[in-house]
Amino acid sequence: MPSNVNTRPDQQHFVAPIEETPLVAIDAVKTEGKPTNLWTDGWRDVRGRPMFWISAALIVLVVIVALFPGWFTQVPPNNDCQLANSNAGPTDGHPLGFTKQGCDIYSRIIHGTSTSLSVGLIVTFLVAFLGIVFGAFAGFYGGWLDSVLSRLGDIFFSIPYILAAVVVMSVLSQYANVWVISIAIGIFAWPATARVLRAEILRVKNADFVMASTALGVSSFRILLRHVLPNSIAPVIVITTISLASAIVAEATLSFLGVGLPSSTMSWGNDISAAQNDLRTAPQTLILPSIALSVTVLSFIMLGEVIRDALDPKARAQR
Amino acid sequence: MAGYIVRRVLQAIPVLLGTTFLIYFMVFALPGDPVVALFGEKTPPPQVVEQLRERYNLDKPFIVQYLIFLGNIFRGDLGVSFSGQPVADILAQTFPVTLRLAALSTFFLMVGGIGVGLISGLRKGGVFDASALVVSLIFISLPIFVVAFVAQYVFAIQLGWFRTTVGVGAPWQDLILPALVLATASFAQIVRLTRASVIETEGQDFVRTAASKGLSRNRIVPVHILRNSLIPVVTYLAVDFGTLMVGAVVTEGIFNVPGVGRTVYQAIIRGENPTVVAFVTVMVLIYLVVNLLIDLLYAVLDPRIRYAK
């Protein structure tokens, strides 16, 4: 190392002279501005994107249709069917025509909304709950608890959840309803969430603020709840939004396979399944509920994408 | 390397036991009576119930039943379908067809998905990239049976380019449409992964070095960028094997492809629970083995994994 005026004889590294130190940078920190965090940054990012508003509007519409089907149609979906109208086209008061059983397609689509949405929500709550409990305990406490919980997760993860739900639902066929089918899907869908959360917690738990809390004598469960979990929940929110869409697809697939909801329950999957043999002669009976299903799924997927882009800096960089 | 293989195989054993136990538990310990469920709406005569209980060892304690079931699987005895044919024989007949369908579908997926992902990644933010993003979003949202019916209606019924269902012996030209449908299930994910991977690789130092050496773009893109972007994509194919299997059940059912998927589909529709369970168990075992093999292959390709504890 060349000798330098600022270097003392025993000093091994170079120290910049005081006039070269960029003190300006420290002075330039704004003190009056609002502090930002992941969530406020995320919200600022999200609200500027048209995709967010489109998906949010669609979801609000789906929720309203599910809660108040009577606002959209006066035709009863099941009781007013006449075989004379089988697969007939649109008529006055029946804008989308009729199913094979002569029921009003529009009314059945409207009344099927709440089924899809309920399954989606129940599965999502179940997946989020199981995923957070398993992922948080496995990641935070580690050791043998991690081994046991992670292997348990591996076992559930190794069975594709639709196949697992097919097996459960074919055994429980006489009990099939919205709750049973949601539990059958959710009980096998949580490991993905648990894995994501576990990985995130492993990253967060070595942070300085966690060590600081430990030093202050905060109990470990409280650290997990108040400090670690809130800082590692972002990827869980993303995966949860997308899992809502997957759950809706899963219910429709099971109903399509004939091991879903009983035919008395209004379900898009059931209607698609019932229409499949008439694809050649009356494609609209199959296409229309498919469109309703796909648009609902699309709106949740879009929302998940927007949230991911907003919360994940890496995804933002690749945009 | 040998240590890694042994460790990885040992780790797979509890998962293997756990999954088979779980499937068995679901069928025979859940509140629904599997014997009664066999008969659907009808009430079976008590003698028949008794006989079936004995045949499926339901009169023995649960754990003994499971061990017998496990022993049978490892001896290759998967039980007998309702038509009296051993499930293992049905599997041997149908598996080659499904393998061909899966191979064709994976080929379409690799060519289409990686191709679109590569162009999107290289022209990040362009018109092609934006349209690929929209199209991939739509494909993610469409359940596979909707894609299958729409494809069947448009390409087979309206345009007449393909036959609506697969003919005897499942010739290759009949498998094209089902394979394309099956490929759409993972198309979007492959496009996105490839795109992200290409963007990341393009920013690496070795790509800049290659460019500063004066290599042409035609050499940098396939040799330096594409090859180094493919590892996560290929790994994803293994993880996504489950989607492929579920997709095969639906697609083969709709297009009447005489493969494993259609057998499962028909067994589900007819309520043949023992056949469904046998096939699901086999599918899960295949899934586990495929993932194990890919993990090992991955370790051969990437020494960092081999030596990680």
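Using the three backbone atoms N, Cα and C, a Cβ is placed for every residue, glycine included.
Any TrEMBL annotation is an automated prediction that lacks curation.
Per TrEMBL, the feature transmembrane segment maps to A:52-72 (among others). The list of residues near the transmembrane segment (A:52-72) in space but at least 6 beyond its ends in sequence, with Cβ under 8 angstroms from a Cβ of it, reads 46, 110-111, 113-114, 116-118, 295-296, 298-300, 302-303, 306.
The domain 'ABC transmembrane type-1' annotation in TrEMBL covers A:113-304.
The transmembrane segment annotation in TrEMBL covers A:117-140 (among others).
Under the heading transmembrane segment, TrEMBL lists A:152-172 (among others).
The transmembrane segment feature in TrEMBL is assigned to A:178-197 (among others). Through the fold, the transmembrane segment (A:178-197) approaches residues 115, 118-119, 122-123, 126-128, 130-132, 134-136, 138-139, 149, 153-154, 156-157, 159, 161-162, 164-165, 168-169, 172, 232-233, 235-236, 239-240, 243, 246-247, 250-251, 254, 260-261, 265 of its own chain, all at least 6 residues removed from its boundaries and within a Cβ separation under 8 Å.
Taken from TrEMBL, the feature transmembrane segment covers A:235-261 (among others).
What TrEMBL records for A:282-303 (among others) is transmembrane segment. If one looks beyond the transmembrane segment (A:282-303) by at least 6 residues along the same chain, the residues whose Cβ comes under 8 Å of a Cβ in the stretch are 51-52, 54-56, 58-59, 62, 87, 89, 96-100, 105, 108-109, 112-113, 116-117, 120, 241-242, 244-245, 248-249, 252, 268-269, 271-272, 274-276.
Sequence-distant contacts of the transmembrane segment (A:152-172), counting only residues of its own chain at least 6 positions beyond either end whose CB sits under 8 Å from a CB of the stretch, comprise 134, 138, 180-181, 184-185, 187-192, 194-195, 250, 253-254, 257, 259-260.
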